[in-house]
Amino acid sequence: MLKLQEKLKNDYGLVFNDEDLLKTAFTHSSFTNEERLPKIANNERLEFLGDVALSLVISDYLYRTYPEKLEGELSKMRSSIVRTESLANFSRSCGFGEFLRLGHGEEKMGGRDRETTLENLFEAFLGALFIDQGMDEVRKFIQHVVIPHVKNDDYVKVIDYKTELQEVLQVGGETTITYNILKEEGPAHDRSFVAAVYNNGKELGRGLGKSKKVAEQKAAENAIKGQNHVS
């Protein structure tokens with residue numbers, strides 16, 4: 001972790017007070033499984049926290065920066081910024097993958113550059129940063145790494161199928177859209193998910209993805225295209 005600490009200090013002016021917390025953020029579930037460590041020793045709990053922190057900072061930035069945009073437009077922009085591919089690219093730009101502690105099997109299968117793994121790593125780092133130094137430092141880091149891309153409109157045109165489906169259905173009147181994860185397959189470090197989307201209790205489509213977010217987006221996409229099958 002010493003090299004990681006040096007990188008964070010040199011690139012972002014960050015010095016973690018709790019090195020064990022930083023180590024946890026960079027520990028994949030495949031590593032804890034192989035080393036027979038407790039499940040809470042991997043970065044999944046920090047990922048959960050970082051996801052919320054990221055969403056809040058991005059939402060606040062978009063709200064203040066685009067006073068002319070309606071809620072639906074802001075939701076589309078936020079969704080495109082925090083989608084799997086975007087967060088994986090942010091993680092790559094920070095060079096985080098190099099420092100991730102992976103199990104040998106996951107390493108051999110290319111897990112170090114897997115999109116969902118890098119997405120989760122980026123969120124876990126934000127969660128650790130929040131605990132260690134508070135929301136102000138999380139905001140500064142996001143403004144340094146993420147916001148420049150938002151200013152360039154890099155993510156405005158990315159399709160968010162969940163929001164698009166909601167807009168299509170709302171034209172017909174009152175609607176209640178829900179998503180449900182129907183199936184989880186594969187080992188903990190290489191999960192696949194099948195999601196279904198419903199409108200007022202009626203199933204509209206299903207989707208397959210390497211994360212719950214991706215599966216739900218695929219289900220919404222298939223619903224829009226009228227394809228009620230898994231793909």
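Just so you know, glycine gets a Cβ as well, placed from its N, Cα and C.
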GLU35, GLU47, GLU203: which one does Swiss-Prot list with ASN120, GLU123 for the Mg(2+) site? GLU47
Specify the count of other C-beta atoms within 10 Å of the C-beta of GLU47 (Mg(2+) binding site). 20
The correct DSSP tally for the domain 'RNase III' (5-134) reads 99 helix, 2 strand, 29 coil
Counting by DSSP secondary structure, give me helix, strand and coil numbers for the domain 'DRBM' (160-229). 23 helix, 25 strand, 22 coil
